[in-house]
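J.: Below are the features I grabbed from TrEMBL:
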type	residues	note
DOMAIN	71-373	domain 'AB hydrolase-1'
ACT_SITE	171	active site, nucleophile
ACT_SITE	340	active site
ACT_SITE	369	active site
């Protein structure tokens, strides 16, 4: 399907037409990514207050949308991911006849979330899409998982998607999957949350706060108003190294590194032990930090980790998470990773026990949370069987109205009290993320 200029409120334009901050070009090049497709949404009200104007949304599609607009599979990326699912989950799209996500059959869409440095509105994009105003920087407003999903719905409407076969995602992407469920089965026919939760745990919030403090402590940070030519790379690298520990497991680190020496030297400005001979595990973490500072932005990292903190499906919906999960009417495939210490298997069991029409499987891996990116064979098998079972039952509800948020919008409006509390908790500094 070719997506040219659209009519009405929306624009489908090239990246150059937006006048992005040059920092985004650098991020894309460092990540080895192609120039994304961009749709501009004129206006988006944010859950925590305020709004965004002329909102660019970076997205990538694979396959062809059916004439009836009902063969879409939406894939949601993780915190440091992007819309190029063909890069970071390539194996899932390349299984040929055995592919669960068969691009000859499905129209696959992945959209970049708010706050990410890969093209969607973020601290790196120009305020209200106006190059004369400069980038948002530290003034980019706090956004929630629900804000992303609302923006994704508007983008899918623009692309002509009328009904979604399944929404699939892991980690932060799994949070998006859970919020998509509340559009109802008329629009979202099934969901596949992987290595995620109904609400972000105190453990996860603690990891995020520690990572943000790494960035804040960098003398180059300047409360977020740093020079793009001299950004707080020491703090960002340290934050990434800390995150890598939460993404893997003790068993995987011990098996891979043990106490092996390593002669590689890696230099990160001002980081202690840079340039010294290291043990293998130290070298690995420094290498991961060095790679990350070339492809990410500190203010974006802060925005995204705060976004994780907002996740709670019960907020403004029900008194308890259990009651909120009972509202999910779609068939759900829930996947856990046995060794995950960031989103523990108990959290996926809570989803399974709460969602009436769910099945649960365990990904066998010692790789920790990152198993959802690495164990593609297992994920493909589980997903293939799940989608095949739905087809066999032919559980296809009527197509949802193309311009309505339905019951989910009512739930959204009822969440104002919860959003106000969340805004005061996460945003005590009047709009800034620190």
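Cβ atoms here come from the backbone N, Cα and C positions, even for glycine.
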J.: To see if you understand the setup: which same-chain residues, six or more apart in sequence, place their Cβ under 8 Å from that of residue 369 (active site)?
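T.: The answer is 171, 195, 246, 247, 248, 337, 340, 341, 342, 343.
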J.: Check the domain 'AB hydrolase-1' (71-373) for me and report the mean pLDDT.
T.: 94
J.: For residue 340 (active site), just give me the three-state DSSP call.
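T.: Residue 340 (active site) sits in coil per DSSP, no helix or strand.
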J.: How many neighbouring Cβ atoms, not counting its own, are there within 10 Å of the Cβ of residue 340 (active site)?
T.: 27
J.: By a simple count, how many Cβ atoms lie within 10 Å of the Cβ of residue 171 (active site, nucleophile), its own Cβ left out?
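T.: Excluding its own Cβ, residue 171 (active site, nucleophile) sees 28 Cβ atoms within 10 Å.
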J.: Using DSSP and collapsing to three states, where does the residue listed as 'active site, nucleophile' fall: helix, strand or coil?
T.: coil
